[in-house]
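Novice: Before I ask anything, let me first share the structure, which is written out below as structure tokens.
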Amino acid sequence: MEATSGNDEVISGELTSVAHAVSLPAESYGNDPDIEMAWAMRAMQHAEVYYKLISSVDPQFLKLTKVDDQIYSEFRENFKKLRIDVLDPEELKSEGAKEKWRPFCLKFDGIVEDFNYGTLLRLNCSQGYTEENTIFAPRIQFFAIEIARNREGYNKAVYTSVQDKEEEKGANSGGDEGANSGGEEEKGANREGEKEKINKGGEKEKDAYKEINKSGEIAM
């Protein structure tokens, strides 16, 4: 996906900061700065693609992997009460949490490509990838939480916020005349636009899926 606005530059800048700030697992990367830099860039690219995706397509229609149904079913079977709109890092990183997550993650070894590769995960799903709102997680953990957020409607906040800003920007640039005379037409266009997004969502998902799966090539 190509950057189309100043907002994209802000996102890229924030992600660069995040990728360098997140602690990397020493047992996997050692102290090699080249490997750490490579991981940071891959993680940043993955996060940027995903955030643009949920900003441009209604998240409830997204398919992130070929086995979303299985991931979601297993996730909610094992983590029925886990709050996913705002994550508690202790529910992911404490020793007790790791013991519970480990068997879940290993179920997808050989099913989800690169299931244990490093990924950036947002704590508060209504916010973006800032240093304070981001933690390091295995890819299958990212998929489990983000698929659940999409299906349960939590990521809708990001999509709605971005779309509202785009509509406001369009209204301001269109002038008073366009805003007043084209109101009904704009509503109809928006409805048609939503249908088009839904119909074309499959193509966007395929492209995004390819990008997401190309983005984290450094193993945990």
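Cβ coordinates come from backbone N, Cα and C, glycine included.
It should be emphasised that the depicted structure is a prediction, and the values quoted were computed from it without experimental measurement.
TrEMBL lists these features:
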- 35-159: domain 'Polysaccharide biosynthesis' (DOMAIN)
- 162-220: region 'Disordered' (REGION)
- 172-181: compositional bias 'Gly residues' (COMPBIAS)
- 184-214: compositional bias 'Basic and acidic residues' (COMPBIAS)
Novice: May I have the DSSP-based helix, strand and coil counts for the residues of the domain 'Polysaccharide biosynthesis' (35-159)?
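Specialist: When I sort the residues of the domain 'Polysaccharide biosynthesis' (35-159) into the three classes, I find 72 helix, 15 strand, 38 coil.
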Novice: For the domain 'Polysaccharide biosynthesis' (35-159), report the average pLDDT of the model, please.
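Specialist: The average pLDDT of the model in the domain 'Polysaccharide biosynthesis' (35-159) works out to 93.
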